[in-house]
Each structure stands twice: as C-alpha cells, then as structure tokens.
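Have a look at the structure below, then the notes.
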Amino acid sequence: MPTRVNDGVDADEVTFVNRFTVHGGPAEFESVFARTAAFFARQPGFVRHTLLRERDKDNSYVNIAVWTDHDAFRRALAQPGFLPHATALRALSTSEHGLFTARQTLPEGGDTTGSGHR
C-alpha cells in the first residue's frame, strides 16, 4: 500500500512518544495520566494524544502526543504546573521518550491524493 512522504503539510508538527513501564496498578497509573493529559490539553499548541496499553502486558503503555511545533511542546514542559504531574508519573513508572517528526503518512482509507490527510 503506498505511503505519503512528508510534503510539508504540518511540517512543524512534532509527536512526543513516551513508553511507560508501570510499577503500580494500571488503574492508578491511568488516573494519574488522565490528570496529566488534562493539564497538557489546556496548553497552547496541544493537538491530541493517545494512551495505549499493550494487549498482553498490563504494565506496558505508550503515549503518543501531537503538538503544533517543538516550541509549544517545550513551553508546556516549562510550565510550573507540569512538575507535580511528572513527579506523580515517575512515582508509578519508568519511561523512555523521544520527540519525532513525520516522514511518511498513510491517511485513513489509504488515500494518497491528500484528501483526508492531516
């Protein structure tokens, strides 16, 4: 199936990917994460996020968060209100993370003409 090479559409957009290994209960982690997500959702430049849990491992999660640009993401992390959220997540989990930019996209339905591509 064809993919679309990044053609400058949303070229500034960045995706933060964070993989968590949870040491406490999944329900507690998800509750703390929901509060963290609500904090980020109020920040300028936040686009969306998805928290995924691995099917066969209750303690393995991945968060995928999209931001309009790197500066917006950086400003959100610098907000004084972020530290309590980071501390709460670190108390329940360890994580690995990275900031990514799109290189190829396959829009829903496999449309490579550009309609439906975001």
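All positions are counted from 1 along the displayed chain.
Backbone N, Cα and C atoms are what each Cβ position is placed from, and that goes for glycine too.
Taken from Swiss-Prot as is:
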- 14-100: domain 'ABM' (DOMAIN)
- ASN18: site 'Important for catalytic activity' (SITE)
- ASN63: site 'Important for catalytic activity' (SITE)
- TRP67: site 'Important for catalytic activity' (SITE)
Within 10 angstroms of the C-beta of ASN18 (site 'Important for catalytic activity'), what count of other C-beta atoms is obtained when all protein chains are considered?
19
Please name the residue among the recorded sites ASN63, TRP67 whose C-beta has the most neighbouring C-beta atoms within 10 angstroms.
TRP67
What are the DSSP helix, strand and coil residue counts for the domain 'ABM' (14-100)?
36 helix, 33 strand, 18 coil
Can you give me the Cα-Cα distance between ASN18 (site 'Important for catalytic activity') and ASN63 (site 'Important for catalytic activity') in Å, rounded to a whole number?
5
Which whole number is the mean pLDDT over the domain 'ABM' (14-100)?
97
